[in-house]
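Input: a single structure, listed below in structure tokens.
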Amino acid sequence: MTPGLLGGVSLVAALILSVLGLVLSSLAFVLRDGRYLEAAKRLSALGLLAAVLSFGALEWAILTDDFSVSYVANHSSANNPLWVKLVTPWAALEGSILLWAMLQTAYTWLVSLRAGYSLDIWRAPVALGTLFAVQVFFFAVMVFVAHPFDAVPNPPPDGRGTNPLLQNHWMMAVHPVLMYLGFVGLSVPFAYAVAAMVARRYQSWIFETRWWTLVAWGFLTAAIFTGKWWSYEILGWGGYWAWDPVENASIIPWLLATAFLHTAQVQERKGLFKGWNFAFITLAFAATVFGTFLTRSGVIQSVHAFASGPVGAWFLLFLLAVMAGGLGLLARVSSEIREAGEVRWKSREGALLAGALFFGTFAFVVVLGTLWPLVVEIASGAKVSVGAPFFNQVSIPLGIFMLLLMGIGPVLPWRNSSAQVLRNLTAMLIALGVGTLLGFVLGLSLGVSLAIGLFAYNLTAIWLMVAQGVGERARSLGISPTQALMELATSHKRRFGSHIVHFGVALAALTIAFSQTYRFTEQKTLQIGETWQTRGVEVRLLSIGARQEYNRFAAVAPIEVRSTGREGWGSDGRYETRLNFYPQMGSPLATPVVKYSLYNDYYFVLMQFDQENGQWATLKIIVTPMVWWLWVAGLIIVLGTLYILWPSGARVSSRQMSPTAGD
Amino acid sequence: MRVRGTDSRGAALWNRLLALGLWLLAIALAQPTPNTPPPDLSPRVFEIARALRCPVCQGESAAESNAGIAVEMRRIIAEQLAEGKSEAEIRQFFVQRYGDWILYEPPARGLTLWVWLSPLIGLGLLSFGLWRYLSRVKAQAKAPLNDVSEEEITRLEAELNTERSS
């Protein structure tokens with residue numbers, strides 16, 4: 001047996017199993033017969049097995065350099081190091097779809113374990129059927145248009161190699177997997193929502209999916225931060241977010257999922273906003289498909305679009321099906337959804353709804369901005385660009401409102417506010433004012449000063465909430481503050497974890513304000529031995545050399561950096577700037593050297609060098625403040641999410657619904 | 001293009017532009033790596049280049065790309081800055097050659113004005129939707145509490161039946 005045969009056969013098997021699963025789920029639904037549901041559950045396990053076999057076959061083909069498989073011939077090379085070969089399955093279109101489909105089968109299987117238990121027999125067939133339908137789509141795309149295992153009649157001696165941008169950094173091994181885990185994860189709450197609408201039980205799904213949504217959200221967040229990191233360390237322009245279509249495609253589902261996470265809490269606690277939650281989760285899941293359509297169809301060009309191909313039309317159809325399915329069902333049932341009361345604006349639910357409004361608006365702006373060049377071209381034939389300067393400017397006011405609400409929301413109680421709350425809000429506003437003033441005194445720009453103020457404001461909010469919670473507990477239970485803190489952190493994991501996440505977000509906002517405002521870029525050609533004085537450092541070019549590495553050729557220019565001022569603190573050292581030449585790429589690829597420090601990052605890129613005599617080299621220096629803290633912020637957000645998700649020892653069974661919060 | 005200053009200066013500029021165009025074309029076609037060092041570039045050059053699209057790249061600005069044409073654009077910006085031109089004039093220079101497309105920041109007029117209005121439109125639409133939703137909720141809250149919809153009754157009956165049959 002060859003890997004190509006195994007992969008192809010298991011791919012077809014997975015498609016057939018998915019179709020059968022869909023048919024059996026439908027039968028279970030129509031005939032109301034639990035036996036069909038049992039059979040569908042077993043099929044989901046078999047589907048996972050077939051998908052894993054198929055994915056394993058692709059790894060096998062790549063690891064054994066089987067160039068009779070088209071994917072391996074087109075996207076791998078015998079000279080690639082082992083880790084590059086291991087991650088090659090998601091370096092191009094067909095393999096990425098296979099990974100996506102495999103993760104989908106895993107999620108379907110996990111959901112099937114709940115069918116018949118927490119997922120009752122009226123909803124389980126619909127939820128499983130929805131997930132099987134998603135699987136059918138992905139496997140059909142692979143079998144009919146983007147087959148990873150197409151046979152190559154005359155296998156070449158070596159493959160064309162993997163995209164150099166992807167092999168240049170280990171981050172590429174994790175970022176796409178995290179992204180797909182997040183994208184696919186959103187299909188579960190979507191399937192539950194569909195099931196809830198079909199079975200007309202509009203409340204309980206919110207409790208059952210909060211774990212799933214948070215898992216997907218955590219993966220998406222981690223993926224976005226690792227993507228930023230990769231972009232910063234590899235693309236060589238000193239930035240981490242360019243508002244490029246592929247980046248936008250990843251932020252849109254994230255924004256909508258964030259909106260959903262917050263409004264879902266309103267439904268959980270107050271039985272309100274049911275209709276909107278159905279719409280938000282449908283749009284969030286649709287946005288993952290929309291993103292894939294955008295970047296894989298070739299409609300919009302992007303620097304990250306590593307995988308493109310003839311699958312655009314399929315994804316567009318699938319997107320329409322998801323939207324029509326989710327929103328169509330909602331339109332059908334919306335008149336009978338009963339809300340359990342009214343919204344009080346001056347309470348936590350008011351802040352959560354307002355926050356969701358801004359997240360929704362932000363998603364709307366990103367969608368419109370990404371698509372607008374296309375719209376203009378169709379409408380008038382003119383070509384326009386909507387890029388980073390636009391998105392940066394519009395995200396400032398939106399971000400300010402979101403940060404303000406992030407502080408207020410958790411401080412406000414669910415019921416009407418009290419005197420204590422007013423005191424807390426006053427303290428937060430004072431922190432906002434003092435922080436902003438401090439920025440001005442330090443001579444910082446308006447935006448950055450405001451960012452400091454907002455950081456202080458959010459920090460104060462979190463501090464007050466934790467301190468007051470600990471104080472109350474210590475008094476009422478008669479325990480020490482440390483014990484009270486531990487008690488609070490373990491008994492209110494969601495609340496405590498959300499404080500951690502919010503702190504991470506506040507820190508991220510601060511670092512973004514600093515790094516976007518004070519980035520400094522300069523370029524200079526140096527002779528060997530020459531020194532260059534700039535932004536707090538003295539750079540000396542030591543030599544120029546060349547080196548042959550496994551599958552590339554590298555030009556290296558070591559430099560010595562000495563800090564000459566406060567700004568350059570922590571940048572001292574010898575660094576090797578380099579240009580990598582890959583045989584499959586026309587132009588060289590610069591690999592920047594990044595020296596992180598607690599304040600300024602120093603970033604050196606070799607731009608050009610004297611190819612004849614090796615006498616000069618052109619260096620670019622980029623100095624950006626606080627980027628290191630952005631990665632810290634990302635880590636804090638992910639750890640906070642993990643904290644909420646981590647199963648606790650004595651787990652309280654699902655919270656009792658309040659009597660007003662019924663269906 | 002509109003030529004500023006005296007005729008001779010204008011003509012010189014024109015000639016240089018013509019030569020430049022040919023040079024850019026040659027770069028775009030062949031991408032040679034000339035063995036002359038590129039000019040030194042000040043932070044100001046990168047600030048201006050960041051707002052301009054690299055015409056042959058996929059979603060990269062003229063400040064980031066290493067494509068020949070982006071390198072050349074940065075050189076032109078440095079030259080024009082040295083001549084004492086303002087940022088607006090340099091932008092205008094590129095807009096005249098490539099159209100508004102070269103600017104990453106769409107002009108706030110015509111069709112692209114809508115993009116600038118999109119935050120207000122989005123917020124307006126969502127707020128309107130929320131307002132309608134909430135007023136419906138209010139109306140519902142006023143309706144009698146024992147109002148069980150017909151659909152709910154049929155649903156309950158159907159579920160009771162399945163429970164009995166399965």
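Glycine is treated like the rest: Cβ placed from N, Cα and C.
Database features (TrEMBL):
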| type | residues | note |
| --- | --- | --- |
| TRANSMEM | A:43-62 | transmembrane segment |
| DOMAIN | A:90-297 | domain 'Cytochrome c assembly protein' |
| TRANSMEM | A:124-146 | transmembrane segment |
| TRANSMEM | A:177-199 | transmembrane segment |
| TRANSMEM | A:211-230 | transmembrane segment |
| TRANSMEM | A:250-266 | transmembrane segment |
| TRANSMEM | A:278-299 | transmembrane segment |
| TRANSMEM | A:311-331 | transmembrane segment |
| DOMAIN | A:316-644 | domain 'Cytochrome c-type biogenesis protein CcmF C-terminal' |
| TRANSMEM | A:394-414 | transmembrane segment |
| TRANSMEM | A:421-442 | transmembrane segment |
| TRANSMEM | A:448-466 | transmembrane segment |
| TRANSMEM | A:496-514 | transmembrane segment |
| TRANSMEM | A:626-646 | transmembrane segment |
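When each of A:124-146, A:311-331, A:421-442, A:448-466, A:626-646 is scored by its Cβ pairs under 8 Å to the transmembrane segment (A:177-199), the top-ranked stretch turns out to be A:124-146.
Mean pLDDT, taken over the domain 'Cytochrome c assembly protein' (A:90-297), works out to 90 on the 0 to 100 scale. In terms of C-beta pairs under 8 Å, the stretch of A:211-230, A:311-331, A:626-646 lying closest in packing to the transmembrane segment (A:278-299) is A:311-331. Counting Cβ pairs under 8 Å to the transmembrane segment (A:394-414), the stretch among A:250-266, A:311-331, A:421-442, A:448-466, A:496-514 with the most such contacts is A:448-466.
Residues 407-408, 411-413, 448-457, 459-461, 464-465, 468 of the same chain lie 6 or more positions beyond the ends of the transmembrane segment (A:421-442) yet place their CB under 8 Å from a CB of it. A contact between the transmembrane segment (A:211-230) and the transmembrane segment (A:496-514) is absent, since fewer than 3 of their C-beta pairs, 6 or more residues apart, lie under 8 Å.
Long-range contacts of the transmembrane segment (A:496-514) within its own chain (CB-CB distance under 8 A, at least 6 residues past either end) are made by residues 399, 403, 406, 410, 447-448, 450-452, 454-455, 458-459, 462, 465-466, 488-489, 625-627, 629-630, 632-637, 639-641, 643-644.
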